[in-house]
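Copied over from Swiss-Prot:
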TRANSMEM  27-47  transmembrane segment
TRANSMEM  78-98  transmembrane segment
TRANSMEM  114-134  transmembrane segment
TRANSMEM  142-162  transmembrane segment
TRANSMEM  173-193  transmembrane segment
TRANSMEM  200-220  transmembrane segment
TRANSMEM  227-247  transmembrane segment
TRANSMEM  312-332  transmembrane segment
TRANSMEM  343-363  transmembrane segment
TRANSMEM  376-396  transmembrane segment
TRANSMEM  411-431  transmembrane segment
DOMAIN    428-623  domain 'Thioredoxin'
REGION    626-652  region 'Disordered'
COMPBIAS  628-642  compositional bias 'Basic and acidic residues'
């Protein structure tokens, strides 16, 4: 390669686009990783508080909080307001994430829902059978719903800590299975454990949801209106005797998601430019409206509610419900209690068994038409970590059991959480001991993902660096004036050095509304390409992003010993404009709005653009091709999935 990049440049591991607009799943997982620690700390505090001063603990959560309007009054204790009020927002976040996966993620191809759906059902039926085997014929058999759920937040957090790095497919699979559990649990909570059911109130709630659908179909986008309807639905469901947390899940599932359109982003940029020239309250409102319109309601609501749900609501729920006096009598009773043993074995043994057996049967009976997006070691790991029922299990337990049986169930849930975490650590520890190629296959599998790149790579048309017939292709949509493309360039160079059997493709996406010289720089690259020097010009342009005026471009052409008259003529006639416009159209088809955007074997790469993240994506792609990622040397173990090496810090 020609052209040198400035040395010593520090760069963020994530572009502004990635950190602000896209990759909700990665942001979701990052939040859950941190919130898992807060949740566990809250559980420890609750246990300590209850054992040091049980009376103050119960007294606080037993206080009554009432809402009264005229002759109407809603009165419940604080624990109810946490369990059925604030937890509604937690289930709203879960519903939002499911809907996003349906609209933009793996589940937009509906057949991919089959295996995780059946795996989730298997992970419910086997634990129920184990619990009932311990409690058959006893009054505590009514607590069978306790062992159904997976605590999505804590399970994702534990997987981030205990599982392999850079495996979004693994986390996606866990999220889908866990959400299937949660959906069924919410239905069971509404049907099997209602309190004083009121059909009239349920009909009112159904009418409100129907109104939400009508407004949504008509294109209504007024957020406060949806909020008022959500509150009304919550009150109606609460009066019906059904746990109103179901409202959050339903409202989340009804909130559509879509990728930001480049036209909307350009419109927002135009409005901001007008505001910059003539600041006024009217234009300020216009700018806010434009920015809001560029993002889907799903993205906006996740941004608002997810941190609150993760760092406040779920820990507060644990604080209100985990507190149980652990004394010798309770431990002795729990050691032989059918409730405790049923919960423990259902989660630690039943969950992984149900998920693994169901996945195996679906794959075998469908002749691998329905195959998990991950390998079998990862499926086992998802099964074991799904045994963390914690938050949702406690929620069901408070509805299904009372008195000593409830305390025994809480002990079982706590012990099962520890047991499931330990078995998950063991599974991935054993997987890490496999040889690199087998480890990648065991964790990542060989299932093909959805192709996000709508315009396939054409070696006769595209600008290709590397072997034309390489098994793995990395495509970048870039802008020569975009500073983040310049910051990602060293990682791309290192990637091509580390992996000799990949091809790299550059496609143009000049963001002309914010980068005034991006278009002419792209045309200069095409003019150089007309003389066989596209990549040399590409390297120079990214190395000198602040110097892209026409005179600078002519200087680069002269440095590359190009025919200057031919170069000038190419630029003057704008011969490269059509080619660039075709790349931009392809970007629109693939829902690409920002730069840099990478695709690895047709799948969009989300998140960081440092060498570690890109190498992991390439390694994952090679696992699907059954070929070696490097054809001339042993694999670099630092880059392998499951490596014990620490992550590279952003900016290093």
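First residue shown is number 1, and so on along the chain.
Just so you know, glycine gets a Cβ as well, placed from its N, Cα and C.
Packing against the transmembrane segment (343-363) from elsewhere in the chain are residues 114-115, 118-131, 134, 146-147, 150, 177, 370-372, 376, 379-380, 382-384, 386-389, 393, 409, 412-413, 415-417, 419-420, 423: each is 6 or more residues past its ends and has a CB under 8 Å from a CB in it. When Cβ distances are compared across the two stretches, the transmembrane segment (411-431) makes no contact with the transmembrane segment (227-247), since fewer than 3 pairs at least 6 residues apart fall below 8 angstroms. Within its own chain, the transmembrane segment (376-396) is flanked in space by residues 39, 43, 83, 87, 90, 119, 123, 143, 145-155, 158-159, 162-163, 167, 169-170, 173-174, 177-178, 181-182, 185, 188-189, 193, 245, 314, 317-318, 321-322, 343, 347-348, 350-356, 359, 409-410, 413, 416-417, 419-421, 423-424, 427-428, 430-431, 434, 439, 442-445, which lie at least six positions past its ends and keep a Cβ under 8 Å from the stretch. Proximity of distant same-chain residues to the transmembrane segment (114-134), defined by a Cβ-Cβ separation under 8 Å and at least 6 residues beyond the stretch ends, is recorded for 141, 143-144, 146-148, 150, 173, 176-181, 184, 338-339, 341-343, 345-347, 349-355, 357-359, 361-363, 366, 370-372, 379, 383, 386.
With Cβ pairs under 8 Å as the measure, the transmembrane segment (78-98) is packed most heavily against 312-332, out of 142-162, 173-193, 227-247, 312-332.
Sequence-distant contacts of the transmembrane segment (312-332) (same chain, six or more residues past either end, CB-CB distance under 8 Å): 35, 38-39, 41-43, 45-47, 49-51, 54, 57, 61, 78-79, 82-83, 86-87, 89-90, 153, 390-391, 394-395, 398, 407-408, 410-411, 414.
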